[in-house]
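Below is one structure, written out as structure tokens; comments come after it.
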Amino acid sequence: MIKRMTKATSMLVAAAAVVSLIPATGASAATKTLETKEGTIEQAVAFDGGNYIFDGYKSSDDETGVYFNNGDKDKLVEDIDNADSVEAYGTKYAKVVDGNDEYLVDLSTGKIVEDETSEDIKDTLTSKLRSTLNKTDRYGQIASTSDLDLTEITEKQFGQTWYEYAATTSGGAVLNGYVNDAGKYIDTDYVANVSVLKDNKLVKIDNFGEVDSTSKIKVDLASAKTIAEDADYIYRVATVNITFDGVAQPQKTYLQKISKAQGETEDEAYLPKSVASYEITAAFDSEDADDAATSLADLSQYDFRVINGVVYATNNDGSKVTVKTFKLKKDKVTVDGGTTAKLDAYLVEQDVNEDQDVMGTNAVSIDVDGNTWALNKGTIYKFDGSDFVAVYSVDRAFDTLEVYNADSLLAWEDGEDAYATVAKATTTPVDQTPVVNKGWVNTASGWTFYTSAGAQVKGQWVNDGGVWYYIKADGVMATGWVKDGANWYFLNASGAMKTGWVKDGANWYFLNASGAMATGWVQDGGNWYFLNASGAMLSNTTVNGYKLGASGAWVK
């Protein structure tokens, strides 16, 4: 501990020694200095309200381990021996991996979620989605969950968890779409809504795989890469094959803005409520579009976010971080080498291109709202949409940054015994205007819900965005099993009511379309299952002369 104490003390002494040598410039005057504290942090995830979880230790009395800090003091998260990785998950969790074990830690309380992991959630969702898709003519029968592949689209980020899925039907076709952790899905292989240039005219093509009767243009989806999401949309870059009268044309690339809301159906499968497509191209007389086409030729170099409809692309090479912004615009442009007539084209156009030196790869962090932060030589910068602005000052040796938002972040020096956080205290004057809460409000007790008039909901169901939640009598959102009237319902960790199959502990349960837990005989996907009086599915047994196999299905 002598070495660690000396290191932290030397930082404070050095800071005091040089402060008189630094001129009081406008930049330094605008930043707030964060206090250097003693402690070794190996990895961390910051959360709302100054809360954070970290792997390491703070004092000689501490053992190395995973700790939760509520903005005031550390508490050892028991049952976790070591942390191979700690990362953000869902709306309020840290996913901690310890060898073959995974834990979800609620960052609003510091408690481990019992008997549930991200893989459990994914497996349950896969089974539920398969059952749902099997009820549509578009998908027919998906033989097993192995024919349904789910990939989380924004890993290591806070927010509602959405997955990209690829479903192999009984006919061998592979169909793609998105599904959230509540089981709401959208099929994205049908609606195209792209504009194709032909004979100096832009022709709108509504759907993939269909020949336009007038222009004889056909567009097929060749590949797609999901790059980002915001509250209402998912963004992907789609490469398409195009034919004119059956003759192949050069491929085109579009950035598609896909609504998370369900819209119309195609063969009983839900399509997105809207799809807007913006071409990534240098075919028009637009320097901004040309710049975008050049910058987005290699998507793998960027970490994408979307803020207020603008796409932010962050590139971090370890010595500097570059942020480029792209606007999705309807613009009047002419065709390069074509006529002088202006066309209404939907284009991706580059706007801002700014960079900032950093202390290393780990000196860059993107916050919960999509803002890019950078740490360099004792200054923490935030990209504000047009430039990097100095916000905080820390020890010049710090080289690692973890940001939730401007009021909750950590900075530290890798392998050393010093760190800094943003204190909870603020100098902002208290607004005396009464606050009228609307919608979801997170409190110390949990999530609460208010009507548009500001009245708190208690002891009843709430439908928000097509998803049902149950608010308990004390006004706090329920999770897990809830009894309402004569029926039992199951709500996942985000509070969303589940339907279909749910695994809780070692048992499987089936929840009807209304969410009510079923008992007795249940038919699903052409198979019959038997659920006992507590709702648990039976398997490897005989009920009233009917044999149930290992999967629980009746063996005919």
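All residue numbers here begin at 1 and follow the chain in the order shown.
Glycine residues also receive a Cβ, built from the backbone N, Cα and C atoms like all the rest.
TrEMBL: automatically predicted annotations, no manual curation.
According to TrEMBL, the protein has these features:
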REPEAT    458-477  repeat 'Cell wall-binding'
REPEAT    478-497  repeat 'Cell wall-binding'
REPEAT    498-517  repeat 'Cell wall-binding'
REPEAT    518-537  repeat 'Cell wall-binding'
SIGNAL    1-29  signal peptide
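Taking Cβ pairs closer than 8 Å, the repeat 'Cell wall-binding' (518-537) reaches residues 130-131, 134, 141, 488, 500-501, 507-512, 543, 546, 548, 551-554 in its own chain, all 6 or more past its ends. Summarising model confidence by region, the repeat 'Cell wall-binding' (458-477) averages a pLDDT of 92. Listed as Cβ neighbours of the repeat 'Cell wall-binding' (498-517) (distance under 8 Å, sequence separation of 6 or more from its ends, same chain) are residues 115, 120, 123-124, 127-128, 131-132, 182-183, 468, 481, 487-492, 524, 529, 531, 535-537, 552.
Mapped onto DSSP helix, strand and coil, the repeat 'Cell wall-binding' (518-537) counts 0 helix, 11 strand, 9 coil.
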